[in-house]
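Q: Provided herewith is a single structure, encoded as structure tokens, for subsequent inquiry.
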Amino acid sequence: MKITILAVGKLKEKYWKQAIAEYQKRLGAYTKIEIIEVPDEKAPENMSDKEVEQVKEKEGQRLLAKIKPQSTVITLEIQGNMLTSEGLAKNLQQRMVQGQSDFTFVIGGSNGLHQDVLDRSNYALSFSKMTFPHQMMRVILLEQVYRAFKIMRGEAYHK
């Protein structure tokens, strides 16, 4: 099994990198894990709707270029499905039983995901109706994926 975290933007702060490295290490006991960053599009502060769409399209093209055809794509979206930790574990486990073994979780940039990326998605996942920095979402996502594996294996951790 392989899990890819595909994200717009680069981690700059050391503390985010350390948190990511810790969860990558922990997840290594359960799955192959890869994090792929695509460059975010430089954009002015007060963009028109058209400019926002252009930024999302360029970032979306970069994301789509990194998704393997056989990968099950799970996009992180505010309007996605909200699950408990146990629900995420069950969702992943059901997909694995169905023979899915390559998962790509996609985290968009500050303007969200382009429609082409949303159309490629097999499942839309939401952690909250709130907006979080994409750097923080990587850590939260990795922690929840790690927690899901612990739950699937019946190992202590998730309480």
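Just so it is clear, glycine is given a Cβ too, placed from its N, Cα and C backbone atoms.
Sharing the features that Swiss-Prot gives for it:
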| type | residues | note |
| --- | --- | --- |
| BINDING | LEU76, GLY108, PHE127, SER128, LYS129, MET130, THR131, PHE132 | S-adenosyl-L-methionine binding site |
Q: Can you give me the same-chain residues 6 or more apart in sequence from SER128 (S-adenosyl-L-methionine binding site) with a CB-CB distance under 8 Å?
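A: The answer is ILE78, MET82.
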Q: Could you give the maximum C-alpha to C-alpha distance in Å for the residues LEU76, GLY108, PHE127, SER128, LYS129, MET130, THR131, PHE132 that bind S-adenosyl-L-methionine per the record?
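A: Output for S-adenosyl-L-methionine binders LEU76, GLY108, PHE127, SER128, LYS129, MET130, THR131, PHE132: max Cα distance 15 Å.
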Q: Per DSSP, GLY108 (S-adenosyl-L-methionine binding site) is which: helix, strand or coil?
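A: DSSP assigns GLY108 (S-adenosyl-L-methionine binding site) to coil.
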Q: Quick check on the binding-site residues LEU76, PHE127, MET130: which one has the highest count of other Cβ atoms within 10 Å of its Cβ?
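A: Neighbour-count leader: LEU76.
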Q: So if I measure Cβ to Cβ from PHE132 (S-adenosyl-L-methionine binding site) and keep only same-chain residues at least 6 apart in sequence, which ones fall under 8 Å?
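A: Once residues fewer than 6 apart are set aside, PHE132 (S-adenosyl-L-methionine binding site) is near ILE140.
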Q: Residues near the S-adenosyl-L-methionine site, LEU76, GLY108, PHE127, SER128, LYS129, MET130, THR131, PHE132 excluded, by Cβ within 8 Å of the Cβ center?
A: ILE78, SER126, MET137
Q: Any same-chain residues 6+ apart from THR131 (S-adenosyl-L-methionine binding site) with CB under 8 Å of its CB? Would you list them in sequence order, or say none?
A: ILE78
Q: With Cβ-Cβ distance below 8 Å and at least 6 positions apart along the chain, what are the contacts of LYS129 (S-adenosyl-L-methionine binding site)? List them in sequence order.
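A: Sequence-distant Cβ neighbours: ILE78.
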